[in-house]
Every structure is written in C-alpha cells, then in structure tokens.
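Visitor: Sharing the record's features from TrEMBL:
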- 20-29: compositional bias 'Pro residues' (COMPBIAS)
- 1-29: region 'Disordered' (REGION)
- 40-58: transmembrane segment (TRANSMEM)
- 70-95: transmembrane segment (TRANSMEM)
- 115-134: transmembrane segment (TRANSMEM)
- 155-181: transmembrane segment (TRANSMEM)
- 257-281: transmembrane segment (TRANSMEM)
- 302-326: transmembrane segment (TRANSMEM)
- 346-362: transmembrane segment (TRANSMEM)
- 383-400: transmembrane segment (TRANSMEM)
- 420-438: transmembrane segment (TRANSMEM)
- 506-529: transmembrane segment (TRANSMEM)
Amino acid sequence: MAYDDTKTPLLPVNDRNQPSSPPPPPPPFSPKSMATLKNFYILLGPLLCAVICLCVTFDGPTTSRNMLAVTAWVFAWWLTEAVPMPMTSIAPLFLFPLFGIASADGVARSYMDDVVTLLLGSFMLVLAVERYNVHRRLALNITLRFCGEPVNPPFLLLGICATTAFVSMWMHNVACAVMMMPVATGILQRLPVNPTDGSARAATPINNFCRAVVLGVTYAAPIGGMSTLTGTGVNLILAAIWKSTFPEAKPISFNTWFLFGFPLALLIFLALWVILCLLYLSKGSSRALAAYLDKAHLKRELDILGPMAFAEKMVLAVFGTTIALWMTRSITEDIPGWGALFRGRAGDGTVSVMVATLLFILPNGKQKGEKLMDWNECKKLPWNIILLLGAGFAIADGMQSSGLADILSKALDFLEQVPYIAIALVVCLISAIITEFITSNDAAATLLVPLLSQMARTANVHPLALMVPGAIGSQLAFMLPTGTPPNIVGFTTGHIDIMDMMKTGLLLKIVGTAIVSLLMPTLGAYVFVTKGGLQ
C-alpha cells in the first residue's frame, strides 16, 4: 500500500461486488513456536534490568541502580535489534517514570531541544539538495577539475574523496554516503572490472583503483562529517550533552566546533588519501585507466543534467545562507556575531528551522505556486536518527540526575595518574575499540560522553579534554562493514571485501587516533579553553 498517497484509505475497503474469500486459519499455537532467538533478545532487556535491580547495590541513591538497569535494557535492545531501533529509542519515555528516574514531562523535554531542531532543519535542507540533484552536479564539476589529461589516478581519487568530504560537512554522513556512492560507481562503470564475489581477485591497476575510490568515498563521508556540528550525529550528541551537563558553561557553537573539527578532519583526510595511494595506486595506474576514463566521460555526465535550473540556484543560495548564518552567529569575544542582537536567545537550531521554513515559501520556478519543498518530500525524514539523538540526551540527563555518572566515573580513577598529554590518546583508544566491535558510533557516544564528563571531574581536568576525544574516537569505526552505515554502503557495492576494510581501516584508525591525541592538547586546548579546568 502506498502510505504516502493521501487518497489511499488507512483501512481496507471491502468491494461488495467481489466475492470475499475467508482468511486462512491461523497456525496452531504451541509454546515451542515462541522459543525463537528474536523472542530471547526481546526478553534479554527486561531480564538484564531485573538482574541488576535484584543483585546490584551501589553506595548511593536507589535511582542510580535503577538507571543502570534501564540503560542495560535499552542498550540490549539497541545491540540485538530485538525491537526496531526507533521504538527502543523512545523506551525511556515510559521506563524513566516507572523506575522513578525522571518525570514524564522531564524526560520528554530531552527529545526536543536546540540540537534536535538543528538536525531536523538540516535534514530538510538535505532533502532539497537531493530533490534537485545539486549534489550530483557539484560532484561532477569538482571531479572534472581533478581528472587531468591524461587521467591522473591519485588526483582523480583526491577529487572524488574531497567532494564527498565537502558534501558531508554540511549534511549527515549517512545521507552523504548514500548520495555520493552512486556518483563514484557511475564514474567506475566505464572500467572493465568485475565486482568481487568473495573469491580472490587479480590485483590489476583497474581493480585497485576501483577499490581505492569506493574505500575513499566510504571513509571520506564520516571524516568530512567531523568538520562541522551537523556533519554527524556524534558531534550533535556531544554538543547537547555538554549543554545539558554544564548549562552555565559556554555552549559548543557551530563556529567553535569548526575551528577544531576542520583542521582535524583535514589531517585525517590527507592521511586517508596517502594510505589509499600507497596501498592501491601503482605507477601503471594512469596507463591502464587512460583508455577508459577521461574528461569526456565526466563532461557527458554533466551535459545530461543540462543547465542549472532556477530551483537549483535557489537551493544553493539557501544552502550558502545557512552556512553563513551558522558561522557568524557567534564569532569571537570581541566580535560577538549577529546572535548578540537577540541576547543569546537564537541558536544554531533557530537558523536551521528558519531556513527549512524558507524552502516551503520560495518558489521553484517550475509550476505556478509550486515551492522548493512540499511536505510529502519531508516524509523521508530519518526519524530513527532523530529519536536516537533524543534517547541519547535522555540517557545522559538520567545518568546525571540519578547519580549513576558519579558512581561509574570512579571506575576510571586511574586517569588521575595519566599525563595530560596522554589523556586524549587513552580515551580515544577506548572509544574507538568500543565503537568498532560493540556498538554503533552514535550509541557509543551516547554511552561514553556523559561518563567522560564525570570522569574529568575526578581526574581534575576540563571535561571537554575527555569528552571531545571520546566523541571523535567513536567515529573512527573503519575496520568492519558493520561499524557504521557508510561502511555498509561501500561494502555492498561489491568492489571491496572485508580484508580491504581491515587493512585500510586499521591504518586509518591508528593515524586518526594519533592526530586526535596531538591536536586535543594543542589546538583543542586553545579552541575549547581546556587548560586550568572548567571555569
């Protein structure tokens, strides 16, 4: 049934002119039919919750134990996917009041704040970009500049990856990977390469170039997302947890994060390019590709799109306006930005929703009265990510209010003995291991970042000195196809196998961890003012 069609009835309508056949009888019920692995996973969450409530005691309020039990329940369902992830994400709405952790109104507020509205408006802008193929035109134009004549494989790879990273800076990395992978594989379609079927492949220059391109797009999406606050859900989770945990402190604005995130992402991106060139691009690559890939192919792809339409220009104008407003809302202490005109009441989410509203007001120039966006397009909004973000905020608030964060932070008292310059390395390694082998990066950040904020107090360091490396480390999931959704997007193209991801991902994880460890005590200390503790 087409649920997006407003004329489709919600309930089936019987046609009296057609004979109705009786429904088939249901299968007989038996206890054995209930003994499935899926049902076991469903029971696992409540069972863990019950075991913790009955067997675990803390030297603190009862709510701290209850919070641990509820967290185990929610994460068990998240990890096993026993219940659809969006439904698991709203489970705190009934679990917190039932276990005395927070009131119904209190936990509901966690699901809608400035950071959630920032993400909501950004997704609407992404849908507009996707609707008018702006991303594809941008990708082909930039890649055309890097192709070279004859083709230069390293620089062509750089152009494709740089385009992906740039697009990912302004939209969620999952959406970026989904949109950019067809662009990349479209460029590879002219090459005589057979996708892998799991067997060993000949290490030809063409095969290696294809693997480099797919791996580059796969990894450039999350790396580019590290640059901006809206590029990935982890950055938004970090900003929201910082705001809710330390409301008196200066919030992490779009501009503040960009000052740290862009140099970080740039260094990791350059490392990705170098690794791919060393592993996959031999000296004979240019000669092998010259007969199949040149500027003429890219120009034909661009010609198919035709001249830029009025709607595309309007979307680009709105897109540029959004970026400008984000970056100028709060600039420096001496130059406060336009946000000072509203006495700090306007946030990045204010800009995001205001610009999204413009999309429903501005005409697209195609038909009279038709706007750039209509609500039917917004039915594609990824509510699962939005609800997951809200659940992360609710869990973070619950850990603080229940006292669980204080108790768990004592488990890492050893950080007091770790030198300041090594703290980022230790935290980033722990976070990177957890997100690779245990859970997704958003879920890992949701679990770790609130704990790290409390551990920082115990270790007598600025909370962001731990929270930022923990958040960045949770995004370094490059080794396994299941690590992040972009990894799955790349793996399903058939051009790469697990060994490609393990080899490239391990090197990139090591280099990324080293870069975070060096930047956080230096550039991070300047941007986030982490020296001397929280003021």
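Cβ from N, Cα, C; glycine included.
Note that this is a predicted model, so its numbers are computed, not measured.
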Visitor: So, does the transmembrane segment (257-281) come close enough to the transmembrane segment (506-529) to give 3+ Cβ pairs below 8 Å, pairs being at least 6 apart in sequence?
Guide: yes
Visitor: So, do the transmembrane segment (115-134) and the transmembrane segment (155-181) meet, by the test of 3 or more Cβ pairs under 8 Å (sequence gap 6 or more)?
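Guide: In contact, yes.
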Visitor: Are the transmembrane segment (346-362) and the transmembrane segment (383-400) close, by which I mean at least 3 Cβ pairs under 8 Å that are 6+ residues apart in sequence?
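Guide: No, the transmembrane segment (346-362) and the transmembrane segment (383-400) are not in contact.
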